[in-house]
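Engineer: Here it is, the structure, as structure tokens.
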Amino acid sequence: MAVIYNWFNDRLEIQAVADDITAKYVPPHVNLFYCLGGITLTCFLIQVATGFALTFYYRPTVGEALSSVRSIMLDTNFGWLIRSVHRWCASMMVLMMVLHVFRVYLTGGFKNPRESTWVTGVIMASCTVSFGVTGYSLPWDQVGYWAVKIVTGVPEAIPVIGPAIVQLLRGNSSVGQATLTRFYSLHTFVLPLLTAVFMLGHFLMIRKQGISGPL
């Protein structure tokens, strides 16, 4: 093992990277509340893993969505467990994200020079809420259908561009297959990609600037 490790270390400087990570200074005022961001990250990774597993059995059509969810819960091996973890971890992710935002705000972590870190965090918070809205509709039951109809109808009150936004969200004049396809694409591809990109930037900035000091 030492030979293999040394081979990679000579080329990639693994030990230098490890030393940099483990030697990073942690301010003495840091407490458990500073772990909320890491817990949110953990929830996101669990969501990615369980969501990926669910895509093997979920069918994003208005005629088969609900029946495929029932099949996952009743017929698929450990399907009930994976979907339950996905569902409850989604709620946990939202809760941890909200608490993390409050912690950062109350401790002044958004101030100079960490404004960009705050902005990326707000964008990820918006993505998290969007995850909830789009995921809620995927079973395409009565609750999901009417939730989509209400949510996509809200922008209609915006002057001039409101109807165009509704058309863009629904993919049609009414809620249907095009809407479900859009929400499925957003939930499984667009939002995870955006979240991952901004999360990378978020952590790189934290790594560069360090944890903010006490008030």
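Just so you know, glycine gets a Cβ as well, placed from its N, Cα and C.
Annotations per Swiss-Prot:
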{"type": "TRANSMEM", "residues": "32-52", "note": "transmembrane segment"}
{"type": "BINDING", "residues": "CYS35", "note": "heme c binding site"}
{"type": "BINDING", "residues": "HIS86, HIS187", "note": "heme b 2 binding site"}
{"type": "TRANSMEM", "residues": "90-110", "note": "transmembrane segment"}
{"type": "BINDING", "residues": "HIS100, HIS202", "note": "heme b 1 binding site"}
{"type": "TRANSMEM", "residues": "116-136", "note": "transmembrane segment"}
{"type": "TRANSMEM", "residues": "186-206", "note": "transmembrane segment"}
Engineer: Quick check for the class: what is the C-alpha distance, in angstrom and rounded, between HIS202 (heme b 1 binding site) and the residue listed as 'heme c binding site'?
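Structural biologist: Just about 15 Å between their Cα atoms.
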Engineer: Sort the binding-site residues CYS35, HIS86, HIS187 by C-alpha distance from HIS100 (heme b 1 binding site) and give me just the closest.
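Structural biologist: Checked the binding-site residues CYS35, HIS86, HIS187; minimum Cα distance to HIS100 (heme b 1 binding site) goes to CYS35.
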Engineer: Measuring Cα to Cα, how many Å separate HIS187 (heme b 2 binding site) from the residue listed as 'heme c binding site'?
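Structural biologist: Cα-Cα, rounded: 26 Å.
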